[in-house]
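Annotation comment: TrEMBL describes 19-261 as domain 'NADP-dependent oxidoreductase'. Here TrEMBL flags Y53 as active site, proton donor. The site 'Lowers pKa of active site Tyr' annotation in TrEMBL covers K78. The substrate binding site feature in TrEMBL is assigned to H111.
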Amino acid sequence: MEGNQMEYLKLANGVEIPKIGYGVFQVGKEDAPRCVREAIETGYRHIDTAQSYFNEAEVGQGIKDSGIDRKNLFLTTKVWISNYGYENTLESIDVSLKKLGTDYLDLVLLHQPFSDTYGAWRALEKLYKDGVIRAIGVSNFYPDRLADMVAFNEIAPMVNQVETNPLNQQIEAHKNMLKRGVAHEAWAPFGEGMQNMFSNPTLAKIGETHGKSVAQVILRWLTQRDIIALPKSTHKERMEENLNIFDFCLTDDEMKTIAGLDTKTSLFFHHDTPEAVDRFVGYVKARAGRE
């Protein structure tokens with residue numbers, strides 16, 4: 001990591017998670033083994049996948065090809081909506097374990113806040129107690145849904161993964177997570193490059209001060225907020241760049257300047273509307289039967 005030292009965040013149960021992980025959303029089956037292997041060779045020790053990415057087996061192959069000792073890797077997957085419900089979730093995790101080539105997972109999240117989240121959560125609680133999963137959490141749960149999950153379950157979520165980037169900073173959601181002892185993970189930290197994020201003049205100017213790219217500034221801004229970031233790239237040089245962020249710090253003034261970019265609006269869509277439910281009903285139908 002070229003003199004960098006990875007930073008870690010301690011979850012509510014004491015498990016430590018690297019603040020930078022390698023995300024594999026939209027990494028195709030043909031590229032995933034190479035990308036995961038190269039990410040691990042580059043220095044990543046945190047891999048984030050999901051059942052609905054349809055690349056768990058390929059991620060598992062990449063991990064195997066890397067030769068890394070399993071205990072030195074933090075591995076996350078997410079349960080898809082069609083696998084919710086107590087028995088369905090148990091069965092789906094067993095499938096994920098086989099695909100990933102492991103007998104335990106470091107973190108498992110419920111991917112979306114719809115359908116039978118409570119049945120699915122009881123399954124995660126069981127697997128957590130059984131030692132099959134080291135930490136459990138949720139994804140895309142807005143403050144009211146997260147508060148509900150914390151209040152009415154035996155084991156509270158330890159992580160909530162939500163869209164977080166300079167244009168949608170999730171300030172109130174972050175405060176809510178801190179209040180409830182839930183770690184904040186960021187998907188789409190670069191907003192998939194939307195609204196010309198990689199050429200944003202404010203971020204570029206800050207980057208010039210430190211000799212860093214816009215992407216590196218964004219990742220450092222997140223990690224300094226104690227938010228776990230999950231950048232994705234299929235190019236090894238970008239993987240290296242995204243990991244090379246722990247040799248500088250943003251000043252308080254720079255953090256405040258970035259705070260001024262917040263539009264408080266998703267670059268994609270909100271998960272707390274009737275339209276969002278309709279959207280995910282369509283997603284479930286479209287993905288039915290895929291492997």
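For all residues, glycine too, the Cβ spot is worked out from N, Cα and C.
Everything TrEMBL records as a feature, shown here on the structure.
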| residue | record | Cβ neighbours (10 Å) |
| --- | --- | --- |
| Y53 | active site, proton donor | 22 |
| K78 | site 'Lowers pKa of active site Tyr' | 23 |
| H111 | substrate binding site | 23 |
Averaged pLDDT, computed only over the residues in the domain 'NADP-dependent oxidoreductase' (19-261)
97
Can you tell me whether DSSP puts Y53 (active site, proton donor) in helix, strand or coil?
helix
Once DSSP output is merged into helix, strand and coil, H111 (substrate binding site) belongs to coil
The rounded CA-CA distance in Å from the residue listed as 'active site, proton donor' to K78 (site 'Lowers pKa of active site Tyr') is 9
